[in-house]
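Some notes on the structure that comes next.
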Amino acid sequence: MSNADEKQPEFAREPPEPPTILSTTAPSSRGGGGEEKSATNSSASATASRTAIVSRLRTWLPVNVGAGIVRDIRARAPWYWSDWTDAWNYRVLPATTLILFANVLPGIAFSLHLTVVTGQYGVSEVLLSSFMASFVFSVFGAQPLCIAGVTGPISVLNQTIFKILEGRTDSPDYLHFIGWVYLWGAIFHWITAALNWCNFLQYVTLFSCEAFGFYVAWTYLQFGIQVLTHQFDDPASSPAGALTSTILAFLMLVTAFLFKCLSRSVLFHRHVRRFCADYGMPLALVASSAIAYWGSFHTARPLTLPVGPAFQPSHGRSWLVRFWRLDGKWVALAFPFGILLWVLFFFDHNVSSLIAQGSQFPLRKPAGFHYDFALLGVTTFLAGLLGVPAPNGLIPQAPIHTRALVVHGLAPKATDNEELRDGINEQPREVPVAVVEQRVSNLAQGSLCLVLLTGPFLHVLNLVPQGLKNRGASFVFSWYMGLDELSGNGITLKILYFLTDRTLTPSSEPLRRVRKSRVLLFVALQLVAFGATFAITQTIAAVGFPVIILLLIPLRTLIVPRMSFSSEELGILDRPTASPFTMQSVSGF
């Protein structure tokens, strides 16, 4: 394979022109003059207005049932073969390695917490769920760049449902009840895709995405702390072992961020910096795990990851969950929980897809939101049938995957007259010129999840100290993922801008054209939305948090524009998450 950083590949070109969409407006009148022409123009204007309204209604009403799915398939099908052949590129290898760790480790952290709370899910369930999602979306999906797996929000929903059922004397079998919740949710997924309701994504902007990403980041941080502190309460763990795991966890966290900082510095050759960006975090995990078995660290016997037999579910049950045997009253009670699951996945999965195909990435292949959301209904149903946590789009793993596939080139040197006069000659800098859009990296990382279910690799997983099985799995991965998301989140960047000395702020900074009071107001609205979502997840009412997340869309669309922001300020503070090219999938008919 050739090194993709050396030169720009053949496919690194501008995105193709958007396909022509037939207009539904009435054709212009011809001929006429004087009063007749005026009357004709007035009539034509009224007709055009009525036609525009009808056209807008047809976008949402079930007149075009399944039209979004069909259009997604037609748009993406011509690219299917190239999705496999374009994978012959070096960038696929580091992307697969990075996303395997970033997907599996956080999911295992959530499984550890769910095992403590519900006693149902284990490592096998999380690995199977991750494989199922990657196989379906990489082989059949229209957006293979989006990584799906077990997330923090679905873990919150599952444990809250368990706590609600636990308090009843006649509580049903948990997996049977969840099976019906997932089935109801899957049905709503299919209805949503068929009725083209994903078109509402036109109204999702960075305002909603940043607030939700902020919430997901703090969810990772919270789960990491819970898994780490659980070791101090576990009878199987000694104080020395728990302390050793904590030390090793912080060691890996700091080492991973040192690699990340090095990758963004000016030290060494750019290929060395890119190597640190690609493999720094996996190397930090492997090294820290090895230290746990070196010298005095091993004598402390830190608590390791609990695993079961190969390809077997946890707690000795069968893989098939016969949820259809549940009593009718519980089937009906599962219905509102299914609606909440649908609301959560509608926002979470689609926002993950939007961010993975963000405007900062030079993409050339079309998206397919309607079709992929129908596929998500399939994986949700299968998750209930197999008794595994339902997978959906991952934040921040999805954009991390795309970022790892970016091909960089050198921008031309600056030729500014003032710089030349001052004797300053800016060095060439790396800029993204293309993305290796393919299906192999997603499929490969999912297939490796299945390999991890074999006996030898389960034994290797068992050797990893629990304090290290986290960044999305325990402390380290949860905190690494959470801090990584926070560091690049728009809310964090706006807060840092507000605290930065204005005299040291570059003159090209767009936020300089926004009043600081409006920057604060905008960030305050996002923080209030985040705070309400995070607060409710700490209570028994946590099942309602998807509704708060969904309300971010009308808040931004209907309320924020009525506040004291100018159009220019809102245009700087907020913008569409993805480019118009990507949004063609949800642009109506």
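Placed from the backbone N, Cα and C atoms, the Cβ positions cover glycine too.
Pulled from TrEMBL, these are the features on record:
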type: COMPBIAS; residues: 1-16; note: compositional bias 'Basic and acidic residues'
type: REGION; residues: 1-45; note: region 'Disordered'
type: DOMAIN; residues: 67-232; note: domain 'Bicarbonate transporter-like transmembrane'
type: TRANSMEM; residues: 92-114; note: transmembrane segment
type: TRANSMEM; residues: 126-154; note: transmembrane segment
type: TRANSMEM; residues: 174-193; note: transmembrane segment
type: TRANSMEM; residues: 200-220; note: transmembrane segment
type: DOMAIN; residues: 237-575; note: domain 'Bicarbonate transporter-like transmembrane'
type: TRANSMEM; residues: 240-259; note: transmembrane segment
type: TRANSMEM; residues: 279-297; note: transmembrane segment
type: TRANSMEM; residues: 330-347; note: transmembrane segment
type: TRANSMEM; residues: 368-388; note: transmembrane segment
type: TRANSMEM; residues: 443-464; note: transmembrane segment
type: TRANSMEM; residues: 519-536; note: transmembrane segment
type: TRANSMEM; residues: 542-559; note: transmembrane segment
### Message
Counting CB pairs under 8 Å, which listed stretch among 92-114, 126-154, 200-220, 368-388, 519-536 touches the transmembrane segment (542-559) the most?
### Response
200-220
### Query
Which one, 240-259, 330-347, 368-388, 519-536, has the most C-beta pairs under 8 Å toward the transmembrane segment (200-220)?
519-536
### Query
For the transmembrane segment (519-536), what are the same-chain contacts with Cβ under 8 Å, counting residues 6+ beyond its ends?
207, 210-212, 214-215, 218-219, 491, 494-495, 497-498, 511, 542, 544-545, 548-549, 552, 555, 560, 563-565, 573-574
### Message
Between the transmembrane segment (368-388) and the transmembrane segment (126-154), are there three or more CB pairs that fall under 8 A, provided the residues in each pair are separated by 6 or more in sequence?
### Response
yes
